[in-house]
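Now, the feature entries from TrEMBL:
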DOMAIN    1-143  domain 'Ammonium transporter AmtB-like'
TRANSMEM  12-30  transmembrane segment
TRANSMEM  36-53  transmembrane segment
TRANSMEM  65-86  transmembrane segment
TRANSMEM  98-120  transmembrane segment
Amino acid sequence: MFWEWRETKHPSFSGVLVGAVAGLATITPASGYVEPIAALAIGATACYYAKYVQRWLKIDDTLEVWRAHGVGGLTGALLIGVLASPHINQVSASLQQFGVQLLAVAVVGTYAAFITLVILTGLDHFGTLRVPEEIQEEGLDTMLGERAFNLWNMDRTLPK
């Protein structure tokens with residue numbers, strides 16, 4: 001919420017909810033390995049990168065799933081190797097532990113990308129991957145008589 005307020009001067013309820021989910025997704029991998037102050041550092045690091053990754057990669061992610069879960073989970077998992085405390089668990093921060101975390105992130109990321117590609121290829125084959133352009137422009141929720149997440153553009157700076 002504070003980051004959104006700083007960037008747009010208009011914090012939103014959905015921003016608070018996404019931030020809460022992102023915080024949980026970020027600290028979950030590291031929760032059994034780091035001290036509370038390290039958890040704050042992990043959250044701040046993930047927040048910084050999550051804010052800009054959507055622009056860097058030009059991802060169409062209206063629900064901010066990649067920013068909340070992808071960037072947060074990646075950050076939380078990698079920073080175990082940097083911030084793990086032997087007082088919490090038997091794992092401690094080291095270059096070797098960072099390498100283990102990096103390998104685990106690479107394996108899980110590759111697996112997830114492959115399975116996602118299989119699913120998306122199947123959906124594309126049946127023609128159900130994208131909605132028609134006119135429905136997308138109007139907003140997907142309008143088909144249900146509602147309007148939820150399609151209130152702002154990707155930068156959340158201007159109302160539509």
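A Cβ is built for glycine as well, from the same backbone N, Cα and C atoms used for every other residue.
Just so you know, TrEMBL annotations never went through curation; they're auto-generated.
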Can you tell me which of 12-30, 36-53, 98-120 gets the most C-beta pairs within less than 8 Å of the transmembrane segment (65-86)? 12-30
Using DSSP, tally how many residues of the domain 'Ammonium transporter AmtB-like' (1-143) sit in helix, strand and coil. 103 helix, 0 strand, 40 coil
